[in-house]
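> Pulled from TrEMBL, these are the listed features:
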- 22-40: transmembrane segment (TRANSMEM)
- 47-78: transmembrane segment (TRANSMEM)
- 98-120: transmembrane segment (TRANSMEM)
- 132-155: transmembrane segment (TRANSMEM)
- 167-192: transmembrane segment (TRANSMEM)
Amino acid sequence: MIAAQTRSLAETFQPEGQLAKAVWFVSLALVGTALMTLAAKTKVDMVFVNVTMQTFAVFAIAAAYGSRLAVATVALYLLEGALGMPVFTGTPEKGIGLAYMVSTTGGYLISYLAAAWVVGLAADKGFARNPVVMGVAMLAGEAIILSLGFLWMAYLLGFEKAFAFGVGPFIVADILKLALAAAIVPAVGTLLKRR
């Protein structure tokens, strides 16, 4: 049987008092959006394609924050982008704001909300320190991201192009990123628990 704690990593260190909790929540959400922006701008050269670290950031944030804070963080990130802040991959060069969000990457961006919720639920159940359970939750999150991203891109470009440009080249890289997140967050949780 897989043992679980009862709180996410972020909740473990949450301060007492309503005001302190609110400041903590907003602060972590802002830190999360900064990490997502940095991840969106970080490109890793793979054999056939360049990938960003965005899905890694979504999964790591969800695993560390839990569902409520992770979804709020992703929603704030999307709001920042919708308002024209250059937080997404390729912004401002490829456009900004809502025009960018309804382009071919729009399905992926919106899917981050659902993926953060799924992975965050596993963290809420206390599995943030278990790399196997987090890996399974992240695989489910990855399936959501690729499915919604593909469907939106297929609507705009057709099924063949959507798979060729939006799914196929990224499967291996995305699995590596989720494995990294599934290993790092539990390791950090274990280190913090020892302190």
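Just so you know, glycine gets a Cβ as well, placed from its N, Cα and C.
Burial and contacts for the listed features, if you can.
Within the same chain, residues 10, 14-15, 52-54, 56-58, 60-61, 65, 69-70, 72-74, 76-77, 80, 87-89 sit at least 6 positions outside the transmembrane segment (22-40) and bring their C-beta atoms closer than 8 Å to a C-beta of that stretch.
Long-range contacts of the transmembrane segment (98-120) within the same chain, counting only residues at least 6 positions beyond its ends with a Cβ under 8 Å from a Cβ of the stretch, are 8, 54-55, 58-59, 61-63, 65-71, 73-75, 77-78, 81-82, 88-91, 134, 137-138, 140-142, 144-145, 147-153, 156-157, 165-166.
With a threshold of 8 Å between CB atoms, the same-chain residues lying at least 6 positions outside the transmembrane segment (132-155) that come near it are 2, 4, 55, 58-59, 62-63, 104-108, 110-112, 114-116, 118-119, 121-123, 161-163, 165-167, 170-171, 174-175, 178-179, 181-182, 185-186.
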> Please indicate, using numbers and ranges, the residues of the same chain that are 6 or more beyond the transmembrane segment (47-78) and have a C-beta under 8 Å from a C-beta there.
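Residues 7-11, 25, 28-30, 32-33, 35-41, 87, 89, 101, 109-110, 112-113, 115-124, 128, 134, 137-138, 141-142, 145, 169-170, 173-174, 177-178, 180-182, 184-186, 188-189 contact the transmembrane segment (47-78) from elsewhere in the chain.
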